[in-house]
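Visitor: Swiss-Prot lists these features:
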{"type": "BINDING", "residues": "Arg109, Asp110, Glu125, Arg126, Asp179", "note": "S-adenosyl-L-methionine binding site"}
Amino acid sequence: MTDSAAPRLHVQALSADWAEAARHWAERLGLPLAADDQADFAVQVGEQGLQVLQLGPDSPGPVRVDFVEGASAHRRKFGGGSGQMIAKAVGIQPGVRPRVLDATAGLGRDGFVLASLGCEVTLVERQPLIAALLEDGLERARRDPDVAPIAARMRLLGGNAADLMRAWEGEAPQVVYLDPMFPHRDKSALVKKEMRLFRPLVGDDLDAPALLEAALALASHRVVVKRPRKAPVIDGAKPGYSLDGKSSRYDIYPKKALNKA
């Protein structure tokens with residue numbers, strides 16, 4: 001697969017029990033169900049839900065959304081609660097749990113953290129396959145008694161976030177959260193298998209300035225942009241202040257103070 005060629009994908013049932021579900025996802029995503037020797041990725045359906053596997057000898061393993069076990073469960077239990085930097089960035093404080101629009105949801109990890117801390121979170125993902133992984137993960141989370149109350153605070157929308165924000169109807173989110181993909185090649189991030197999936201399927205968010213502009217127009221209280229720590233700010237309005245971590249930075253664009261309800 002070259003950088004300029006669109007990746008080839010096919011849908012695969014991991015056993016006969018999942019053949020009907022595989023047909024469903026193939027139709028939903030507009031992907032072939034038959035095996036393709038030239039495919040770069042397999043969209044697999046099985047007991048653990050929907051997952052994407054990069055094919056080839058150097059495959060990093062399947063990628064799925066799992067809010068019940070693994071990294072998300074560990075962070076929910078031991079991640080530092082409202083003392084986490086992301087919590088401070090969106091304005092979580094005693095008596096304040098803002099309504100958040102996560103406009104670049106990806107695999108939903110940050111959105112889940114915010115929902116686990118009590119925020120109502122709307123997630124937007126523009127890439128249909130990534131949105132499908134997130135939809136499947138949320139559906140499984142809603143069936144788990146421990147995680148269901150958190151998943152109930154998460155709502156998923158598919159589509160272009162900038163367009164959705166410009167056409168927003170109803171009560172505006174208090175906070176818009178952006179974590180765009182950028183062309184900066186951070187080697188420590190690229191080794192993660194999620195990045196191996198995202199680069200060819202999603203590409204970089206070259207419309208980040210337009211996303212920021214739409215977010216600033218919609219958010220009632222603040223916009224938060226997550227960036228690699230040493231990366232430049234997004235072109236456009238300048239942040240009011242930043243919170244720096246070891247590898248990431250949160251640029252905060254305040255509009256008005258978040259107060260107790």
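Keep in mind that glycine also has a Cβ here, set from the backbone N, Cα and C atoms.
Keep in mind that this is a model prediction, so the values were computed, not measured.
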Visitor: I'd like the number of other C-beta atoms within 10 A of the C-beta of Asp110 (S-adenosyl-L-methionine binding site), please.
Guide: 22
Visitor: Which of these binding-site residues has the least crowded Cβ, counting other Cβ atoms within 10 Å: Arg109, Arg126?
Guide: Arg109
